[in-house]
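Enquirer: Supplied in C-alpha coordinates, the structure appears directly below.
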Amino acid sequence: MPNFTDVTEFTLLGLTCRQELQVLFFVVFLAVYMITLLGNIGMIILISISPQLQSPMYFFLSHLSFADVCFSSNVTPKMLENLLSETKTISYVGCLVQCYFFIAVVHVEVYILAVMAFDRYMAGCNPLLYGSKMSRTVCVRLISVPYVYGFSVSLICTLWTYGLYFCGNFEINHFYCADPPLIQIACGRVHIKEITMIVIAGINFTYSLSVVLISYTLIVVAVLRMRSADGRRKAFSTCGSHLTAVSMFYGTPIFMYLRRPTEESVEQGKMVAVFYTTVIPMLNPMIYSLRNKDVKEAVNKAITKTYVRQ
(Lines of atoms letter the chains of each structure in order from A and count residues from 1; the text may use other names and numbers.)
(Lines give C-alpha, C1' and ligand atoms only; values in the text may rest on other atoms or scores of the structure.)
Protein backbone atom coordinates (compact mmCIF):
# COMPACT_ATOMS: atom_id res chain seq x y z
CA MET A 1 0.00 0.00 0.00
CA PRO A 2 1.55 3.35 -1.02
CA ASN A 3 2.01 5.93 1.66
CA PHE A 4 1.76 9.69 1.40
CA THR A 5 5.36 10.11 0.28
CA ASP A 6 4.60 8.00 -2.83
CA VAL A 7 2.09 10.59 -4.05
CA THR A 8 3.57 13.03 -6.57
CA GLU A 9 0.45 15.04 -7.34
CA PHE A 10 -3.28 15.33 -6.73
CA THR A 11 -6.09 16.22 -9.10
CA LEU A 12 -8.34 19.01 -7.89
CA LEU A 13 -11.88 18.38 -9.14
CA GLY A 14 -12.73 22.04 -8.59
CA LEU A 15 -16.12 23.69 -8.42
CA THR A 16 -17.61 22.27 -11.61
CA CYS A 17 -16.79 19.96 -14.50
CA ARG A 18 -18.93 21.93 -16.96
CA GLN A 19 -16.59 23.63 -19.42
CA GLU A 20 -18.99 26.47 -20.23
CA LEU A 21 -19.13 27.50 -16.55
CA GLN A 22 -15.39 27.38 -15.98
CA VAL A 23 -14.68 30.45 -18.13
CA LEU A 24 -17.48 32.34 -16.37
CA PHE A 25 -16.12 31.32 -12.97
CA PHE A 26 -12.64 32.41 -14.03
CA VAL A 27 -13.83 35.91 -14.94
CA VAL A 28 -15.91 36.26 -11.76
CA PHE A 29 -13.24 35.03 -9.36
CA LEU A 30 -10.50 37.00 -11.09
CA ALA A 31 -12.57 40.16 -10.59
CA VAL A 32 -13.22 39.23 -6.95
CA TYR A 33 -9.50 38.58 -6.38
CA MET A 34 -8.50 41.91 -7.93
CA ILE A 35 -11.03 43.76 -5.76
CA THR A 36 -9.74 41.86 -2.71
CA LEU A 37 -6.14 42.87 -3.38
CA LEU A 38 -7.08 46.46 -4.18
CA GLY A 39 -9.27 46.86 -1.10
CA ASN A 40 -6.99 45.22 1.45
CA ILE A 41 -3.67 46.54 0.18
CA GLY A 42 -5.31 49.95 -0.17
CA MET A 43 -6.46 49.72 3.44
CA ILE A 44 -2.95 48.82 4.63
CA ILE A 45 -1.41 51.74 2.72
CA LEU A 46 -4.11 54.16 3.88
CA ILE A 47 -3.59 53.24 7.53
CA SER A 48 0.19 53.56 7.22
CA ILE A 49 0.10 57.07 5.67
CA SER A 50 -2.83 58.63 7.56
CA PRO A 51 -2.04 60.37 10.88
CA GLN A 52 -5.67 60.09 12.07
CA LEU A 53 -5.54 56.31 11.68
CA GLN A 54 -2.52 55.78 13.92
CA SER A 55 -4.43 54.07 16.72
CA PRO A 56 -4.46 50.46 17.97
CA MET A 57 -7.80 49.73 16.28
CA TYR A 58 -6.44 50.55 12.82
CA PHE A 59 -3.11 48.91 13.57
CA PHE A 60 -4.96 45.63 14.15
CA LEU A 61 -7.20 46.28 11.14
CA SER A 62 -4.14 46.59 8.90
CA HIS A 63 -3.02 43.15 10.07
CA LEU A 64 -6.49 41.74 9.39
CA SER A 65 -6.21 43.12 5.85
CA PHE A 66 -2.77 41.56 5.49
CA ALA A 67 -4.14 38.20 6.63
CA ASP A 68 -7.01 38.52 4.13
CA VAL A 69 -4.51 39.11 1.31
CA CYS A 70 -2.51 36.03 2.37
CA PHE A 71 -5.66 33.95 2.76
CA SER A 72 -7.06 34.80 -0.65
CA SER A 73 -3.67 34.56 -2.39
CA ASN A 74 -3.09 31.09 -0.97
CA VAL A 75 -6.21 29.71 -2.69
CA THR A 76 -7.39 31.90 -5.57
CA PRO A 77 -4.40 31.89 -8.01
CA LYS A 78 -4.30 28.07 -8.15
CA MET A 79 -8.07 27.93 -8.50
CA LEU A 80 -7.92 30.39 -11.42
CA GLU A 81 -5.13 28.39 -13.05
CA ASN A 82 -7.10 25.15 -12.82
CA LEU A 83 -10.27 26.73 -14.20
CA LEU A 84 -8.45 27.27 -17.52
CA SER A 85 -6.28 24.15 -17.38
CA GLU A 86 -7.13 20.66 -18.61
CA THR A 87 -4.93 18.82 -16.10
CA LYS A 88 -6.15 20.59 -12.92
CA THR A 89 -3.38 19.10 -10.80
CA ILE A 90 -1.45 20.27 -7.78
CA SER A 91 1.88 18.80 -6.72
CA TYR A 92 2.26 16.87 -3.48
CA VAL A 93 4.50 19.59 -2.04
CA GLY A 94 2.18 22.31 -3.30
CA CYS A 95 -0.76 20.59 -1.63
CA LEU A 96 1.03 20.41 1.72
CA VAL A 97 2.11 24.06 1.45
CA GLN A 98 -1.44 25.15 0.64
CA CYS A 99 -2.78 23.13 3.59
CA TYR A 100 -0.17 24.67 5.87
CA PHE A 101 -0.87 28.28 4.97
CA PHE A 102 -4.64 27.76 4.92
CA ILE A 103 -4.71 26.40 8.48
CA ALA A 104 -2.17 28.98 9.65
CA VAL A 105 -3.99 32.03 8.28
CA VAL A 106 -7.38 30.79 9.55
CA HIS A 107 -5.97 30.65 13.08
CA VAL A 108 -4.20 34.00 12.63
CA GLU A 109 -7.46 35.65 11.56
CA VAL A 110 -9.66 34.25 14.33
CA TYR A 111 -7.21 35.45 16.96
CA ILE A 112 -6.74 38.84 15.30
CA LEU A 113 -10.52 39.23 15.53
CA ALA A 114 -10.27 38.28 19.22
CA VAL A 115 -7.49 40.85 19.75
CA MET A 116 -9.60 43.50 17.99
CA ALA A 117 -12.52 42.70 20.29
CA PHE A 118 -10.25 43.06 23.32
CA ASP A 119 -9.02 46.40 21.96
CA ARG A 120 -12.63 47.64 21.62
CA TYR A 121 -13.27 46.49 25.20
CA MET A 122 -10.29 48.50 26.45
CA ALA A 123 -11.40 51.57 24.50
CA GLY A 124 -15.03 51.33 25.62
CA CYS A 125 -14.65 50.21 29.23
CA ASN A 126 -11.32 51.82 30.18
CA PRO A 127 -11.13 55.01 28.08
CA LEU A 128 -8.98 56.93 30.56
CA LEU A 129 -6.35 54.18 30.71
CA TYR A 130 -6.63 53.18 27.04
CA GLY A 131 -3.67 55.23 25.80
CA SER A 132 -1.27 53.89 28.42
CA LYS A 133 -2.54 50.31 28.49
CA MET A 134 -2.63 49.89 24.70
CA SER A 135 0.80 51.30 23.90
CA ARG A 136 2.62 50.49 20.68
CA THR A 137 4.71 47.86 22.47
CA VAL A 138 1.62 46.17 23.89
CA CYS A 139 -0.07 46.20 20.47
CA VAL A 140 2.95 44.58 18.81
CA ARG A 141 3.03 41.88 21.48
CA LEU A 142 -0.71 41.25 21.15
CA ILE A 143 -0.58 40.96 17.36
CA SER A 144 2.46 38.68 17.44
CA VAL A 145 0.55 36.00 19.37
CA PRO A 146 -1.87 35.10 16.52
CA TYR A 147 1.02 34.78 14.04
CA VAL A 148 3.26 32.64 16.25
CA TYR A 149 0.42 30.47 17.50
CA GLY A 150 -1.30 30.10 14.12
CA PHE A 151 1.78 29.02 12.21
CA SER A 152 2.86 26.68 15.04
CA VAL A 153 -0.51 24.91 15.21
CA SER A 154 -0.59 24.67 11.43
CA LEU A 155 2.82 22.99 11.38
CA ILE A 156 1.57 20.27 13.74
CA CYS A 157 -1.63 19.76 11.73
CA THR A 158 0.24 19.62 8.41
CA LEU A 159 2.75 17.08 9.72
CA TRP A 160 -0.21 14.95 10.78
CA THR A 161 -1.65 15.30 7.27
CA TYR A 162 1.72 14.15 5.91
CA GLY A 163 1.17 10.86 7.72
CA LEU A 164 -2.05 10.01 5.88
CA TYR A 165 -2.10 6.94 3.63
CA PHE A 166 -3.67 6.81 0.16
CA CYS A 167 -4.66 3.75 -1.85
CA GLY A 168 -4.59 5.01 -5.43
CA ASN A 169 -7.33 7.64 -5.32
CA PHE A 170 -5.58 10.97 -5.77
CA GLU A 171 -8.61 13.06 -6.79
CA ILE A 172 -9.46 15.80 -4.27
CA ASN A 173 -13.11 16.82 -4.41
CA HIS A 174 -12.35 20.49 -3.84
CA PHE A 175 -10.78 23.54 -5.49
CA TYR A 176 -7.89 23.70 -3.01
CA CYS A 177 -6.08 21.34 -0.64
CA ALA A 178 -7.70 21.09 2.78
CA ASP A 179 -7.98 18.48 5.52
CA PRO A 180 -11.65 17.39 5.06
CA PRO A 181 -11.39 16.33 1.37
CA LEU A 182 -7.94 14.79 1.97
CA ILE A 183 -9.32 12.71 4.83
CA GLN A 184 -12.17 11.59 2.59
CA ILE A 185 -9.79 10.02 0.03
CA ALA A 186 -7.32 8.67 2.59
CA CYS A 187 -7.38 5.04 3.65
CA GLY A 188 -6.33 3.28 6.81
CA ARG A 189 -6.89 4.63 10.30
CA VAL A 190 -8.04 8.18 9.60
CA HIS A 191 -10.43 8.52 12.54
CA ILE A 192 -7.65 9.84 14.80
CA LYS A 193 -6.93 12.60 12.27
CA GLU A 194 -10.66 13.35 12.02
CA ILE A 195 -11.03 13.65 15.78
CA THR A 196 -7.85 15.74 16.08
CA MET A 197 -9.02 18.13 13.36
CA ILE A 198 -12.41 18.62 15.02
CA VAL A 199 -10.91 19.02 18.51
CA ILE A 200 -8.27 21.57 17.42
CA ALA A 201 -10.80 23.57 15.41
CA GLY A 202 -13.34 23.38 18.23
CA ILE A 203 -10.91 24.50 20.93
CA ASN A 204 -9.52 27.41 18.94
CA PHE A 205 -12.83 28.69 17.63
CA THR A 206 -14.47 28.32 21.04
CA TYR A 207 -11.65 30.10 22.89
CA SER A 208 -11.27 32.98 20.44
CA LEU A 209 -15.04 33.41 20.07
CA SER A 210 -15.38 33.43 23.86
CA VAL A 211 -12.94 36.36 24.02
CA VAL A 212 -15.05 38.19 21.43
CA LEU A 213 -18.37 37.49 23.15
CA ILE A 214 -17.13 38.38 26.64
CA SER A 215 -15.51 41.59 25.34
CA TYR A 216 -18.67 42.70 23.57
CA THR A 217 -20.92 41.78 26.47
CA LEU A 218 -18.87 44.10 28.68
CA ILE A 219 -18.87 46.75 25.94
CA VAL A 220 -22.67 46.65 25.63
CA VAL A 221 -23.01 47.05 29.40
CA ALA A 222 -20.63 50.04 29.34
CA VAL A 223 -22.33 51.65 26.33
CA LEU A 224 -25.80 51.35 27.86
CA ARG A 225 -24.51 53.29 30.87
CA MET A 226 -23.44 56.20 28.66
CA ARG A 227 -25.50 59.36 29.04
CA SER A 228 -24.61 60.68 25.59
CA ALA A 229 -26.78 59.38 22.75
CA ASP A 230 -24.08 60.33 20.23
CA GLY A 231 -21.51 58.37 22.22
CA ARG A 232 -23.72 55.30 22.26
CA ARG A 233 -24.40 55.62 18.53
CA LYS A 234 -20.70 55.94 17.70
CA ALA A 235 -19.78 52.99 19.92
CA PHE A 236 -22.42 50.72 18.42
CA SER A 237 -21.44 51.79 14.90
CA THR A 238 -17.78 50.95 15.51
CA CYS A 239 -18.60 47.63 17.15
CA GLY A 240 -21.23 46.75 14.56
CA SER A 241 -18.73 46.50 11.70
CA HIS A 242 -16.48 44.23 13.74
CA LEU A 243 -19.36 42.00 14.81
CA THR A 244 -20.44 41.66 11.18
CA ALA A 245 -16.95 40.49 10.21
CA VAL A 246 -16.83 38.14 13.21
CA SER A 247 -20.20 36.59 12.35
CA MET A 248 -19.17 35.88 8.77
CA PHE A 249 -15.70 34.62 9.58
CA TYR A 250 -16.59 32.32 12.49
CA GLY A 251 -19.78 30.94 10.99
CA THR A 252 -18.29 29.44 7.83
CA PRO A 253 -15.28 27.55 9.31
CA ILE A 254 -17.48 26.14 12.07
CA PHE A 255 -19.76 24.77 9.35
CA MET A 256 -16.76 23.39 7.43
CA TYR A 257 -14.63 21.85 10.16
CA LEU A 258 -16.86 20.80 13.03
CA ARG A 259 -18.39 17.94 11.01
CA ARG A 260 -17.15 14.55 9.86
CA PRO A 261 -15.81 14.78 6.28
CA THR A 262 -18.44 12.73 4.40
CA GLU A 263 -19.05 13.10 0.67
CA GLU A 264 -22.13 15.25 1.31
CA SER A 265 -20.35 17.49 3.81
CA VAL A 266 -17.41 18.01 1.43
CA GLU A 267 -19.80 19.05 -1.38
CA GLN A 268 -21.54 21.49 0.94
CA GLY A 269 -18.16 22.63 2.23
CA LYS A 270 -17.05 23.60 -1.27
CA MET A 271 -19.91 26.06 -1.60
CA VAL A 272 -19.21 27.48 1.85
CA ALA A 273 -15.48 27.64 1.09
CA VAL A 274 -16.12 29.84 -1.95
CA PHE A 275 -17.69 32.42 0.34
CA TYR A 276 -15.03 31.90 3.00
CA THR A 277 -11.91 32.11 0.83
CA THR A 278 -12.94 34.69 -1.78
CA VAL A 279 -15.96 36.75 -0.72
CA ILE A 280 -15.16 37.50 2.94
CA PRO A 281 -11.62 38.83 2.22
CA MET A 282 -13.20 41.09 -0.42
CA LEU A 283 -15.97 42.35 1.90
CA ASN A 284 -13.89 43.08 5.02
CA PRO A 285 -12.40 46.41 3.80
CA MET A 286 -15.90 47.55 2.80
CA ILE A 287 -17.40 46.50 6.13
CA TYR A 288 -14.79 48.43 8.10
CA SER A 289 -14.78 51.55 5.90
CA LEU A 290 -18.31 52.26 4.61
CA ARG A 291 -19.65 53.42 8.00
CA ASN A 292 -16.33 54.59 9.44
CA LYS A 293 -15.98 58.36 9.51
CA ASP A 294 -12.22 58.31 10.18
CA VAL A 295 -11.52 56.04 7.20
CA LYS A 296 -13.70 58.16 4.90
CA GLU A 297 -11.87 61.33 5.99
CA ALA A 298 -8.50 59.64 5.48
CA VAL A 299 -9.53 58.56 1.96
CA ASN A 300 -10.68 62.09 1.10
CA LYS A 301 -7.44 63.60 2.40
CA ALA A 302 -5.34 61.07 0.48
CA ILE A 303 -7.25 61.80 -2.74
CA THR A 304 -6.97 65.56 -2.17
CA LYS A 305 -3.20 65.33 -1.61
CA THR A 306 -2.83 63.27 -4.79
CA TYR A 307 -4.68 65.85 -6.90
CA VAL A 308 -2.81 68.77 -5.28
CA ARG A 309 0.55 67.19 -6.12
CA GLN A 310 -0.54 66.75 -9.73
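Keep in mind that glycine also has a Cβ here, set from the backbone N, Cα and C atoms.
A quick note: this is a predicted structure, and the numbers were derived from the prediction, not measured.
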Enquirer: According to Swiss-Prot, do Thr137 and Asp294 sit on the same side of the membrane?
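Expert: Going by Swiss-Prot, Thr137 and Asp294 are on the same face of the membrane.
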Enquirer: Short question: most Cβ pairs under 8 Å with the transmembrane segment (195-215), which of 24-44, 98-118, 138-158, 270-290?
Expert: 98-118
Enquirer: Would the transmembrane segment (53-73) count as touching the transmembrane segment (270-290), i.e. at least 3 C-beta pairs under 8 angstroms with sequence separation of 6+?
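Expert: Yes, these stretches are in contact.
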Enquirer: What are the non-local neighbours of Cys95 (disulfide bond), defined as same-chain residues 6+ apart in sequence with CB under 8 A from its CB?
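Expert: Glu9, Phe10, Ile172, Cys177, Leu182 - these are the non-local Cβ neighbours of Cys95 (disulfide bond), listed in sequence order.
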